[in-house]
Every structure is written in C-alpha cells, then in structure tokens.
Amino acid sequence: MSNSFKIAVSSTALSALKSRIESATFPDELDDAGWAYGVPLADMKRLVARWRDGFDWRQEEQKLNNELPQFTRDIEVDGFGSLNVHYVYKKSDRGTGIPLLFVHGWPGSFLESRKIIPLLTKGSGDSQCPVFDVVAISLPGFGFSEAPKKKGFSLSQYVEVSHKLMIALGYTEYVTQGGDLGSRVTAGIARRYGGMHSKAWHTNVLFSMPPENDDPSSYTASEKEGLARWQEFQRSGSGYFQLHSTKPQTLGYSLADSPVGLLAWIYEKLVSWSDNYPWTDDEVLTWVSIYWFSRAGPAASIRFYYEVAHSGQALGTKSSPPTIPMGCSLFPKELIRIPKSWYPGVGDVVFEAEHDKGGHFAAHEQPELLVGDLRKMFGKGGPVYGVVTGRDGYN
Amino acid sequence: MSVELPFQISIPDSKLDLLRQKLALTEFPDELENTGWNYAKLNQDLPQFTKDIDVNGFETLNIHYVHQKSSLANAIPLLFVHGWPGSFIEVRKILPLLVQSSPQFPAFHVVALSLPGFGFSEGAHKPGFAPEQYAEVAHNLMLSLGYHEYVTQGGDWGYLITRIIAHKYGGKHSKAWHTNFPLATPLNFSVNPILFLQHLFTPYTAAEKAGIERSKRFEKEGQGYFHEQSTKPQTLGYSLADSPVGLLAWIYEKLATWTDSYPWTDDEVLTWVTIFYFSRAGPAASIRIYYEFIHSANGSQPSSFEPTIPLGVSHFPEELRITPRKFVHSVGNLVFQVEHSTGGHFAAYECPDELVDDLREMFGKQGPAFGVVPGKNGYEQRIRANL
C-alpha cells in the first residue's frame, strides 16, 4: 500500500540545525590555496552565512512537495525484512507513458529527477516524442527512505528493492536510467531482471574492464584523454571513495554531527564533478539539506560503498554484462570515460550520444540533453521503440 | 638568537564554553560530559617552551616544545619527533626515564617539539611546507638550544622527518638516529647483493609472515584517511574543525586500531584528542603534512634520501607496516635492531620501558652508537688526573 508523502522536517530538527550552524567553527586556510586542498574557505563561509540567515528550508520544502508527488511504501527485501521506501512518482500527462525508473547516486538523491520529470512526463509540444511515467526512488539510506539495519545490504539488495518497487506500482515491464551508484544499480537490474522485466537501460556512466585482446594503441585522442582523466581522478579525487569503502562509520560521526562538515563533503563534489554548473547557494543548501534531514541521517548513505566493496561486487570485478539493449549519453566532465573497445563489457549498446557540455550530474546540469537522448532512444524511429509491451509512450 | 619563553597550556574559557555548547548538541552527551581535560597535570609533567624558528623560504614559526635536561651535564642530546595523530604528549612516559642518570645506562637531554601545525606550535601559512621543512624546523630548534650535535628518535612522520635530518644534517649535527617505524623498500641487488640473496633464500619468520599479512590488511582497509588527507585535507578539515565528536572518532579509530590492545582510558583518549581540538593551528592544520608530502618533489622519491649515520630500529609487532627484516637495511646504516613481542604504532606511549631500554642499549657503553656525540656519552665523567 502506498502512502502519499510530504517532506515535513520538524521544527525541533530545524532549530537544532540552526544551533549547530550558529556555533560553526572554521579552520584556517593556506595562502592562495584555491581548490587545491579542497573546498575554499571563502565558499564555505559564504554558504554557511546563507544557511544561517537567508536560506529558507520551509520554502524549499514546499516547492519540492508542490513539484514532486512523493510516496512511501513498504518493500520486502530477502534477508532484511521490510524497508519503508520513499519515491517520487509521476505519470505521463497523456497517452501511455513508458515506465521509467530513475536511480540516483551519491551525493545525489531523488532531487536529481526534479528537472527531467516535467520534460519526461509532458513531452514537448511535438507529439512525435514519447512520454514516460517516472519513478524516482530514494535508495535505502538516502532521502526519506529507511536504511537497512543489518550488515551486508549490498548491490544485490539495492537492485532487488528498486525492481520490487516497480512491480509494486504495477509495472511488470519497465526501463531504467541511472548515473553514479544508480548506474551500478540499473546495470544490476538489467542483469538480474533483464528481458522479463527490465527491457532496456540507459546510463550516463559507463564502466567496464578492458577486454582480453585490448589494444591501447588503437585508442582515439579523446579516449586517451578520458582514461587519463579517470587515472587523475583515482590519484587525487577518490579519497572519499577509499574512506566510504573502508571506514564509513568513522567518517559518519563528522557528517552526522557537523552540518558544515557535511556541506564541505558534498559541495566539493557538486563543484568538481559538474561542468561549471552555476550552482546557486540555495541550490547547494537544498541538496545538502536532503542529506542533513534524511530519514536515516547523513552517515547511512555512505555505507553503500563499504557493502559493495566487501561483497565481491567492487567496481572492476568481472561479471557478465547484461544482454538487454542499452543506451548511453556521454558528457565531457563525467568522471569515467572508457574507450569504445571496452563497450562489450558494459552491455549491448544500441544508442550512444555524445555532448560537448555537461558533467556527472547530467539530469541536473543538462536535463534537456539527457531527456532528448531518452526520447531519441525510446521514441518512434529509435532503436528500442516499443520495448515495453503496450506502453510505447504515445497515444 | 631567538628568545625562549616558558609555556603553560592554558585554554581560554570561551573556547571551553564553545566546546561544551557543541557537545551539548550531540546525541551522546553522557560519554563526553566530563571531558576531564586536565592540562594542569600535563603542565606539571612536561616542562614546555616556545621559540621563534626560521625556515628557509617560509615565514618564521613560533614553535612549542618540551625540553628537559638530565641532571647529568654530559647527557646525550636527544630530539624526539612525533607523528599523526600523535603529538608532544607521546614523550610523556619516556621523558622521566631518559633523563635519569645511572652508571648502568646513558642519560639523555630530551627535546620533544610540536611539529608545525600540531600541538601549540604555529602552522605554516604558505603552501609547500613539506617534510623537509619540518626537518629544518626541528634541526634549527636543536641548534638554537645549543645542541649542535644530537641524536634523534622518531616514529610515524617522525620517522621520515628524522630520516631527512639524518640525510641532510647527518655527520655534522645528527650523529645517529633511532626509529620504531622503518618504512623499508625492497632490497636492490646492485646496492645490497649479499642481503638481496640472503633475503631470497631465507624463509620468513613467523613474525615476518604475520607482519606482511598485517601490512596487506592495512593497505586494503586502513588507508582511506591517508588518501583523503593527502588529496583534500581542507574538505576534511571543515569536519575536524567544526565537530569535536567527528575529530574524536577520526583520531580514536587510530588509537584503538594502531595499538597492541593498549588499555586506553577515556581520559587518556580525550586528553590526546583535545590537544588536537585546542591546538594552536586548529585540527585541520595537522593533516596538511600528508598533502605536502605527496606533492613534494621527494613525495614520490623517498629513496633519494640516503643517510649514512648509524641507525637503530625497534620492531613492534602491531606496527602498521611490517616488512621483511632484511629490507630494513634499505632504510639506512643499520647498526642496531631489536624485536619485541608486544607493542604497536605508538611505541613511546605503549611500551616506554622497552623503547627506552633499546635506546639505552644502542647508546650505552656496550652499544654500537656509544659516544657518538663527542663529549656527551651520557655517563658520569671520571675526573682525570692532569697529566
């Protein structure tokens, strides 16, 4: 049974946050540090000052509730009992929408569906483009979903809970879109439920290992540059990943106790992973507030990394690719870019689009481009048109 | 010659009030209510001072240090260098033992500095203040105290810093060095052919095997902090500066997992952590050493340091990285090596008696580094008849 849900942060929580912000203590900063050592002090002071006086959570809360119809329902997960899952759910405005499950990552949330939902559900004025029924889940431990209490809730479980949500909503067949951790979850869905339930999947992050007979001398210049960027990311940008994957609880005390610490932790990624996206302070603070006010608290979401790393499902573990058709959208500032020769390890790529702007948070940074790709992929004349029985996105 | 000023730790009430205010907001106030920050005892046990020290290419830094002379005038001057998440407090237990004078063992004059950015030393403000700079500060401090010839003891960052001291100031100033954290590299056949072959053909001892396993585990599960601190120390720093609870967790995790079941009392832990919380430069400053090390010219080439002065090593089984014993020769001119059956990373704090025994043996009358500082061999000087 689904329950309608409205975000309603208690006034106790709001005033507790205010007290913490008011007693915020800042570190110093090295001269001319810029972004080299992490988030610059000036950015933090400005954001915290806005958070203290000016940022109106109640207003943001209301906007979110008005724009995004939200629900919760209990989903059974094998071995973990019932979890109460929060999700956004909007049906298409006309015709039979293609059921699309949108899966966010970290430090994202259901919020990342905000800009693409109106485009996906309304279509453009042009009746040639398909429309979608959109389900944007809050993964367990994120947003307003419950978190698992037992150890071992790993990729398989995120896959299971996401799939079961679609089934519970009456969509025995559906398609998916995912980036960041959402890309891993939707790949898992494609593997386990592909064919019978998941009919096609789209992602903006491709990752696989090189094939056996790989020939690096055949890489194009942009492929080489993409791999170099991935290496640089591992060298200088993956500290968070190492920590999340090994000691999420130790870090969690900071994230749960200090809104300033949490803000820095997330804001660093919002800026460094996006393509010069002009974040407004309120946008950033809304994003971070979702973590601060999350049902399970900010320490819960990062356990995802630990569980995946310790369950034999770490990135780079060999596994057979899903066989259902997939599409990908390549944005220049994405963290990972693999050469085309590695694609067979990812899946059956039937649609590919490359863009000259946009980064890791594609749905938030370039909603029109991303939705444009989904319309091309799933629309009339596209490679997976009509892939969901009886729901082709048109009248 | 800069002026030495006596120093007592004295935290302003406003800072204590702010800490209490923050702790009141946490969800588990019971455990932290009586923080027991007892700096009066610290001030009693450790005679402390501050002094301005110049650093080539950087600003003058005001350095905090512990300094206690032995009652024996020709005691061996010893510089003790801590690491992270350590501090000057790590000298607390070995200090009274080292300064003791006896015909059975040598005495030491002890200097334990707070590295820049730690404890009550100023932190550098310019980027690029790397381990070589930390070494220069420590060396200049010894010189300014009149110790032109001295020996060193260090673990963690103290290992790297005293190794640099041994390389740059060794022979003329630093006469011998001792470490409990020998970060060895595999042997090179062209450099140490005999040892290389010995290592190839000698089976590992049980201790070496256990150590290698431990090192692998540390590499796989225990290096997240290193990775973050060496790439984005400022981002992490906001948490450490703003949240005493976050800082506590960050440091306590190491105190617990890097020691050999050391029975930390809550007050011990909290004293240790509050040194970081109330540090002069703030808790975010201390971790910058990781970033500066990785980004320095020698961060990727630590083997470019080749100290030749005598080296002593003490092996404690629960140290973080344990390498085959033969590799230790790659660290320096190994003249003294001891194996222990208990103890971990914070050797001076966990096993003060053992560590001091090792230093007494290394520098004692029968030891390989006896008399290495001319005129200061740590023993009562016999009155010689005028010939």
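Yeah, the Cβs are placed from backbone N, Cα and C, and that goes for glycine too.
Pulled from TrEMBL, these are the features on record:
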{"type": "ACT_SITE", "residues": "B:Asp156", "note": "active site, nucleophile"}
{"type": "ACT_SITE", "residues": "B:Tyr290", "note": "active site, proton donor"}
{"type": "ACT_SITE", "residues": "B:His345", "note": "active site, proton acceptor"}
{"type": "DOMAIN", "residues": "B:40-91", "note": "domain 'Epoxide hydrolase N-terminal'"}
For the domain 'Epoxide hydrolase N-terminal' (B:40-91), mean pLDDT (0 to 100): 97
Around the Cβ of B:His345 (active site, proton acceptor), other Cβ atoms within 10 Å, all chains included, total 24
Same-chain residues at least 6 apart in sequence whose Cβ lies under 8 Å from B:Asp156 (active site, nucleophile): B:His82, B:Gly83, B:Trp84, B:Gly86, B:Phe181, B:His345
Going by DSSP, how much of the domain 'Epoxide hydrolase N-terminal' (B:40-91) is helix, how much is strand and how much is coil, in residues? 10 helix, 20 strand, 22 coil
For the residue listed as 'active site, proton donor', which DSSP three-state class applies? helix
Excluding its own, the Cβ atoms lying within 10 Å of the Cβ of B:Tyr290 (active site, proton donor) add up to 20
